[in-house]
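Report on the following structure.
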Amino acid sequence: MEVSPECVQRGGGPVLVRRRSPAPLGLREMLKARLWWRCACSPQRAWTLVQDLLPATRWLCRYHPREALAGDVMSGLVIGIILVPQAIAYSLLAGLQPIYSLYTSFFANLIYFLMGTSHHVSVGIFSLLCLMVGQVVDRELLLAGFGPAPDSVGPGDNGSRVNASAAAGGPGPQDCGQDCYAIRVTTALTLVAGIYQVLMGILRLGFVSTYLSQPLLDGFAMGASVTILTSQLRHLLGVQIPRHQGPGMVVSTWLSLLRSAGQANLCDVVTSATCLAVLLASKELSDRCRHRLKVPLPTELLVIVAATLVSHFGQLHERFGSSVAGDIPTGFVAPRVPDPELMWHVVLDAVPLALVGSAFSISLAEMFARSHGYSVRANQELLAVGCCNVLPAFFHCYVTSAALSKSLVKTATGCRTQLSSVVSAAVVLLVLLALAPLFRDLQRCVLACIIVVSLRGALRKVRDVPRLWRLSPADALVWVATAATCALVSVEVGLLAGILLSLLSLAGRTQRPRAALLAQIGDSGFYEDAAEFEGLVPEPGVQIFRFAGPLYYANKDFFLRSLYSLTGLDAGHAATRKKERGLEARASEGDPVEGVDLGPVTSTAALVTTAASFHAVVIDCAPMLFLDAAGVATLQDLRRDYGALGITLLLACCSPLVRDTLRRGGFLGEDQGDAADEGQLFHSVHGAVQGARARRRALAATDSAL
């Protein structure tokens, strides 16, 4: 290893020896090396690629049935039992038949079992995504000449509506009914969203989801939950009102509900009140006794079974006009390629779906990985969730993502691996093949109750706002603004507003970071904020300035204003006035002034009395994460102005990135061992202060000699 001039011993103190970094490859060589590495093929590399793409092939070889099988089977059974009522209920949000929700749950569990890197996440239908899918479906149905998604999803009921629409000569497709067209729109939307997620995974854009902060996601969940709750009130009351679209959907729905409150179905109201009471009581009991219960109570399934029996034998649909689920077919429908024309219609609608699904899936996977001591790969999670949308789109499924509530249940019931997803898929398959028709007489208000109760967790997050405000007002503002925009305008606009506010908040924090003057802590070599702590000792003649943020084009003016305000000297104006006075003096003496350069002053000139009470400024660069070209130019101008006033500018605690930027920007010399650089950069604030003292003594000694 070569020794740079920085290793020269000075005063017997510790020294640093800079390593000589190898010469960087050129762009052509780097691309050639990466292409060769990517394209190199061997049996071992092919098998590694398969294992990376299908992580199940790696962990299944190390699976220990005695340790993990019982927990996986138990959690898979519980999740499967929970999935069935949720799948049927969430079909209300998406405006589709319940059979398609069951298809989605089945395929998503199998695909994520093969491709997912999280051991505990449950991937399937998610209420927020179902709401967004339902809004797109309603809009496309209206554009095609159909009415909004019908209240009854039975095939027979839909047939009459479709025939009426076709007979009326509407612009909808003549070879496809309303339910058929709705699932075509849904599969096109799902395929496009899945393609986005797969492309993000291939391009290694997993980091993008980290820009959707937790306050943003919580606020989005809160606002969307209010929208979901509002959309289900008509089913709870049994009133017939249109499904409103566009901005202000929540307000329009509430106004319609108030106008139609007198037409509420008494049977649905009583059933809703009873089911809500039972479900909420059981949830509270489960929360309080969760440490004693080895398996969560399957309350949703019990309520659905009981309500179906009461509705069937009490003939609630025929006697009281209560809306029911209708016929649910069994088996699988033949696969179909999504309509390319519809894909172009929904190409923009799929963007928020892909972002929300990716963000929730990656954040949940990382959360469970941290709590259980393993790691996940964000890009592989994007591929897994994307394939959970791309492949099932050909089998009449819709958008899926990870869901927190089911993932928590999965963990609480002893899940060890994704083998539990296979068990859950088997339970859903049993319902698909044999049990689905049994839910024909299930009241829709019961399904709405299940949806409303599932929103408890998201709605309770409003209690976190005061704590979030005390912690970070900017994050609290993002939370409130996102939730309010989602509820009052639309979920898509709310998501966009949340992203913009988060980015503005991030930019604002770097644009106006905290600035302070430092003073010494007693006789130690440490320095802290003199405005925050008492009893600190200021260094005579030296101003120590800390700027707690990067220095770039957006905050360079704030940097200078803060420095000038705290030190009490506007170096730019003072240097300009001094230069003007020097030019006037030369002109009065008859000396030419053309091209005069009053650059760095001599040792004698440095002792000339200035308006400042200090002779050196030390900038603590430890919090300075990076510099850009504007930041380097700012430091260069600052050094020139201070030099004209006889003040020395020193930098302390610069990171390697900041030093390299200063060198490339011309603030430092090209040679890393330049002696001039050694006098400007110091590894500690205390070292810079000592350097300023030594320089002052040297200048005083030189002046005495002169």
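Any Cβ shown, glycine's included, is placed from N, Cα and C.
Any TrEMBL annotation is an automated prediction that lacks curation.
Residues or ranges marked as domain 'STAS' by TrEMBL: 540-692. Annotation comment: TrEMBL describes 154-173 as region 'Disordered'. Summarising the annotation, TrEMBL assigns transmembrane segment to 68-90, 110-133, 188-212, 342-362, 382-405, 417-435, 479-504.
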Two-stretch contact, the transmembrane segment (417-435) and the transmembrane segment (68-90), at least three Cβ pairs under 8 Å: yes
For the transmembrane segment (342-362): best-contacting stretch of 68-90, 110-133, 188-212, 382-405, by Cβ pairs under 8 Å: 188-212
Recorded stretch that, among 110-133, 188-212, 382-405, has the most CB pairs under 8 Å to the transmembrane segment (68-90): 110-133
Local confidence of the prediction over the domain 'STAS' (540-692), expressed as mean pLDDT: 79
Same-chain residues near the transmembrane segment (188-212), Cβ under 8 Å, at least 6 residues beyond its ends: 133, 136, 338-340, 342-343, 345-347, 349-351, 353-359, 362-363, 377-383, 385-394, 397-399, 498-499, 502-503
Positions whose Cβ lies under 8 angstroms from the transmembrane segment (110-133), at least six residues beyond its ends: 53-56, 79, 83, 86-87, 90, 93-95, 101, 104, 186, 189-190, 220-221, 224-225, 227-228, 231, 349, 352-353, 356-357, 360-361, 364-365, 368-369, 372, 374-377, 380-381, 383-385, 387-388, 391-392, 398-403, 406-407, 409-411, 415-419, 421-422, 424-425, 451, 454-455, 491-492
Long-range Cβ neighbours of the transmembrane segment (382-405) (under 8 Å; 6 or more residues past either end): 53, 94, 96, 100-101, 103-104, 107-108, 111-112, 115-118, 121-126, 129-130, 132-133, 183, 186-191, 193-202, 205-206, 332-333, 335-338, 353, 356-358, 360-362, 364-365, 454, 457
